[in-house]
Structures are given as C-alpha cells and as structure tokens.
C-alpha cells in the first residue's frame, strides 16, 4: 500500500486493439459453434457426396435452417436474458391455423389473415412475458402451460369453426411471392427473412445499447434492476419477440404449403433450444451471440438433412443429433472457461 | 387407422397422452362395471316396445370429417332399418380426450338402453374389451368395425369385422404402383415405430415386390415432426441421392403435400410418381391435375353402411356373409375414377 | 455543524409483528468512512436496504443534505448519489468489463436508428477508472468480468459507482470473501474514495478491517444502535465485545483456551 494518494491517475495502459488473434477467437462465444458447423459440414460433404454440395443440397439445409432460425434467434435472445420459451410450437400451429381459417375458410383477404396471425403471436408472447414477470413462476412452467393450453385451444377452436384439423388456403400471388415462393425453384424466400432477422437482431443485441440490457438481465437480474434497467420490460419484449418469430414461421408455412394443420410446429420447441444451445448460448443466461445461434441453427439443419444424402438409414439421425448436442455443449463449456480465465500476460513495468 | 386425423395432434405430446390414457383406463373401469350390473331386462323390453330391432352404433365425433362420412353411411342404412320397423342410434363421445373409457361407457350405455345389436370400434382394447365381452355374454350380437381387425372380432366373439386393414391397403397401393411401372418406391414414414404406419409401409413394400420392383422405408426422426419443410427437404434429398427412385408413398395427406413440394424441388416431377394413404381435397385436386398418381381410400361411408346392414340382416333374417373380415377398403383413387371420387367428396361420403 | 450528507432519524423497521430495527439515528458525512458493525442477524442488511432504497422505514425519516427524502426504489436512492456494492461486486461474470461498467448507462455513438454502443469508449473508461484505483493488472476492457479476482471485481464496482457520481458508497462485506492481500487492496480503494470526498458506509464484521479505515463506528445489536463512537474512542476488545452482543468475549475466549490446554494434556 504505497500509493494512498491519487493526485493524478496513472495513464491507463489499455491493451492496444490489434487484429484478431487465436486467443481473441477462442474467447468468443461462437467459436465452439463455428467448429461444430464446419465439422458437420465437412463430415456430410465427405459422406453425402456431390448432391449434398450441389445447390439443391445447400437448399435442403438452408430452407430448414431459415424457418428454424427465424424462431431460434429470438428464442436465443430470451435464453441470454435467462428465460425459456417452450410455447413456440403451439404459437406456430395457432398462427398457421389463424391465417388459414381467416383467409382460407372465411375467405378474408390474405393480408387480414397474416396480420391476425402475427397479432396473435404478439399477444401470446406478451401474455407469456406478463405472466412470467408478474407471477414469478419460472418461464419453463409458464410457457409449458402456454404450449399445452394454446395447442388445445387451437385444436378445439379449429374443430368448432371448420369441423376439421387441417384447413386449405389459397394465398394468392403477392403473399406467395413475399412469404412462400421458392427462389430458383429451390430456395425458400424465408431465407431472406432469416437474414433480415439476423441483421436486425444482431444489431440490437451486439451494437445497440439495448443489447447490453439483455446480457445484464440474464447475467444477474437483481444487479440489473439496481442499475435501473427495466428488467420486466426487457423480458416482456423478448417473450413477445420469440412468439412473433414463431407466428411468422407459421404464416410462412401456411402460405408455402397452401394449408395449415393443428399438429404442426411441435418439433420447433426442442429444435429451437437445441440450435441455441449448440450455438453457445448458456442455458442459464448471460452469455451468447446471434452469430452463435445462426451457426447452431446451421449445424442442426445440416445434420438433420445431411443424413438423407448419405443414403444411411435415417433411423440413426436422432442418435447423431443427441451425440452432437452433448459434444457441442461440452465444447462450448470449454471455450467459455477459456474466455473466463483469459488474462493477457503482464507487460513488464517500464 | 381411421381415427388418425383426430389423434394426430397428440403424437407430439405423446408422453402426456400415454399418461392420461393409463390413468383414464384405471378410473374408467369401475364405473363401467357398475352401470352394467344395474341392467338386465331392458334389452328385451325395448325390443318389444319398438316392435323391431334397436341397433346401436358407437363411433367418433360426428363433426370429425372422417366420422361424418361414417355417419352418412349409418344414416343411409338406417333408412332400410326404419322401413323394416327398427331403429338405429349413433353414440359418439363429446371429445377424444378420454377415448377408451368413454367408448366403453357408450357400449354399456347401448346395452342398458336395450340394444338388440351393438356395432363398435375397438380403438383401445384394454379399456373397451371388458364392455364388449359383457355385450356378448348377454347374447347380444356384436360387430366390430373401423378398428381392431378380425383378430379383435374373433377374440371378443363378435360376428364379423367391417373395416380396412393397413397392410392390405398398403399392398394394394404397392401393386398399383408396380402396375404403373414404378420399380423403386420410397415409403415416407413420419411416425416410424407406430404399428399402423409400419404396416402401411410393409404392405407397400410387399405390393411393389409382387410386381417385380423394390421399396424401402424413409423413416423421419421425431425432430421433423410437424414440420412440412423438414419432411419436404428430406424427401428431396432422398430423391437427389438415389435417382433410381420413381415412386413416393406417404402415410398421411399432409405428408403428401410436403412430398409434392419435395418432388418439385428435386425437379423430378416427370419421373417420380406420388401416392398416399388417405385423401382430402388437395389430393383429389392433384390427382385431377395429373400431379399425383393415386390415393388409398378406406371408404368410411361403407364402414357405416355395411355394418348397419349386416346387423339388420342378421337380426331380422339371420343373414351372415362368409367374408371375414369384410373389408371396406382399400380403394385406389387415380385419374381413372377421380371424377366419381370428387363427386362423392362433394356429396359428403368420401 | 456541517450538514450531514445523509441522516437517519429515529428509523424503525418492522416486518409484520417483528421489529427488525428500532430507533436508529445515524449521520454520514462526506469524506468519512462509517463502519457498520454487528453480528449476523443484528439488522445490518435491513439497514443498508433502507439506505439504498430497497426497503422503506416503517417510522422515522431520512434526510439528504438536510432535506427529508423518501427512497421508493434503488433508483431513487441512486439519483441522490447513493450506490451499493455487494459482496461479489454485483457485476456480471459473463459480460466484458466495459459492458459491465456501463450497464444501464450505455455510452453511444452515431445517431438515430444506428445509435450504437461505444465499445471502445466503454472499455477505455472502465480500464482507466480501475487503474486509477490501483488495479493495474487490468488493461483490456473486453475481458470478461468473471476472469477478475474478487478484489478486482470490488474495484470495478466501486470505480463504476464513483464514475457515475456516487456521493455515498455502501459496501456490503466487501472483504468477506477475499484473501489477506486482496482485502488490503479493497481497503486501499476505500481510502482512495474517502480522499475524493466520498462518504463510505462499510458493513463488515471484520473488526481489524473496520479499525484500519473507519472514522466513525456504529454497532448494531438486535436491531438497536448499541454504540456510536469516533475513531480511537474504543479499543479493539471493546468493539469485539460489543459486536458479540455485549457478552464478554473474554470469558468465551478463556473457555476456548481451557479446552486447548486439556487437549494438550
């Protein structure tokens, strides 16, 4: 304790901002996810052969990734903020049924159906957020309740209204162009919506000041509250966003396949969480990145589609996925530990 | 399996459904016992009162699109029964949430209301068989229809089984495919491991084999469930991988929609023919437009119509048919008979 | 007499029928370290929660610069320059130092929809402020907070509070989880803050640490102010006895010693 006086603070010795080194790369949250994506791509490029690498092959996993990604990105944000959303499956089903019933069964203009479906997503998400923040019940439980409740409501209402569980829809050329066409006969237009979501949400999380709040809320809710962050508002916004993402995919699928089924979407519940976790987001919150979630989504899609290009029995696909999840999480843990223990070597005092 | 459209949403929530079913079976039995012990003579009394035959039919909800066709058959056959001085009563559950025990209660209720003959589907043998046995013990003629097969009918002591058989239906589809020149048929199974879907694909394989071709199954892991994009892309990938495939069969109408998209994205529309189990409007339209080869119909109308006619013939004149089981399907709908199928659909019997 | 920065007058706090604090009157002056001492359950944490706006007093009042104030929330308290730093620094282990430093008050550059978090500025300021508190090991604002030592995290939290204009720092057991050397670092930082004219309320049950930096001591026993004295007015033993709830610690220590001797026989 030699310096008890602080007349003039010593000149800060800030590390010079040099280019990305291996060390810098290793402490980014998406490094594990990048390795995962590259590994599965190389794996299936070897065993899947030329067709996997063709445009049609790329379209296979990009189309699946785009729809999953539109849900996984907001779900990832929510997980960074320390909450889960299991209700996306039912939101997807109810939104796709809404657009099909409003515009297909009742014959309203397709734009009315789309707006109604998206509004439904916003309302469900808002309610999820409100319930979680007001009651203090864990989001796992609240959104599990929404998952079941909404699926029952969708099934019940669609049977009461239409007498069936699957409704046809003729969306018309404009809606088809915008949401449900195949570019070059292969690539879903959803890919472009996914890219838009990546850019906008990536900006919000990593560049806008608001993104800092998301990390803070997930890192330590109480500390975040004492710094004046509207914790409840942030969470409600994020729940609303994840349900909105699911509603968008519901609309896209209805328009792409000209019909809606009440049973659709349930696989998105776990697939979105898998993509997010493979992408290096910490399940308990506070850590992750949009780029990571994108890579996790790609990894998941490459594995789930790549298996069909190998010619192997796809009974094994789920096994590969299970192993992949475990490997990815272990790898992500390692990289997170490296990031935590990272400290530049002390420069010699001059 | 005729109830499939109604039960589909629950596959996603399979665990819970199984739990519900198990508990429901346990709680359902005691009440069924008590209601059956309180009757005895009413059957004869009712018969005497009506002066003819009182036939009771247990079925699904009448607003279920499948069951509304069965009920049309029941209603049409009932006209003959009424003309001969008898009556036909259709009993259906309010919901499908507690199917087995509810159906068992309906069987007991039919007996206590003085049924002269009972027609019922054996959906959940564990829950329903006790009630069916009570019918037989009282000497009331019993017909099993729609679900259970001739094995269930023989076990319970029923006179006959009226309905379809998954394997037979598959075999008919496979043979039809083979006759149309398909040599390598892919059977897309989105619910691998379920006995009815496995039987369908096994039937397809044997049918194609009988005409000199081969067929293999494409099992879709549960991570694809309810996601038409994943199913479509998986089918596309399989077509790209193996360009000798010239036929695709799906186990449900929604999967057929996905398969149509997958075939189109693989640019294989000219070479790869599509067939499916079950039919709805979009199947009929595709067959009409030449984009789909066939759909396999189990003809629900005939299940209702024939069951009631058989019961009436037996009660009134002791008539019995040598065909056991009495199969109502499969009927293969292709461009040859599409116009009459569309007319039937408009009339509400197909 | 100088107007105190913050003054509590006859503050009582009860939760239901339980009285947690009774008639607490305290004054905090700028550039002074007030050590709040007391055993577990004496009401220290309730008292700092009242100071930081988490709880409101049941009766009694709080004055800031001679004017009555009501803190309805931590945010209310912080607008009056009161900042609380908890045992583990209240920081976010998986955020970078720069981001963590500016949580809730993010510096931005660019405008309109492209207004973005100024990472370089945030990192630079955070590192500079920590270095001014003598934490020279930290040079990179992009490092994760979780990679810092306990003392460095305390320093980060204190630096943050000071940077955002805190006039009163409440430190809740800042040295409890730290080693000897780290604790000394934190004590030095407290002195540095004091020298800047900041009032510090130091909650601790480490008497030595309190005596090293404290100007003014308040001892809580079962929710009441048992003693209120200036530096040098009491000996270490007296303070220890007071903290133990008035029971003579000497007797207890003698008894412990007797067991040690028996063991040696």
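Any Cβ shown, glycine's included, is placed from N, Cα and C.
Cross-referencing A:11-31, A:263-283 with TrEMBL places the feature transmembrane segment at A:263-283. In summary, the transmembrane segment (A:112-133) does not lie against the transmembrane segment (A:263-283): fewer than three C-beta pairs, each 6 or more positions apart in sequence, are under 8 Å. Just going by CB pairs under 8 A, the stretch in A:59-81, A:140-161, A:290-310 that sits most against the transmembrane segment (A:33-53) is A:290-310. Across A:140-161, A:191-215, A:236-257, A:316-335, the stretch most heavily in contact with the transmembrane segment (A:263-283), judged by Cβ pairs under 8 Å, is A:316-335.
For the transmembrane segment (A:236-257), the neighbouring stretch richest in Cβ pairs under 8 Å, chosen from A:59-81, A:191-215, A:290-310, A:316-335, is A:59-81. A:59-81 is the stretch from A:59-81, A:191-215, A:316-335 with the greatest number of Cβ pairs below 8 Å to the transmembrane segment (A:290-310).
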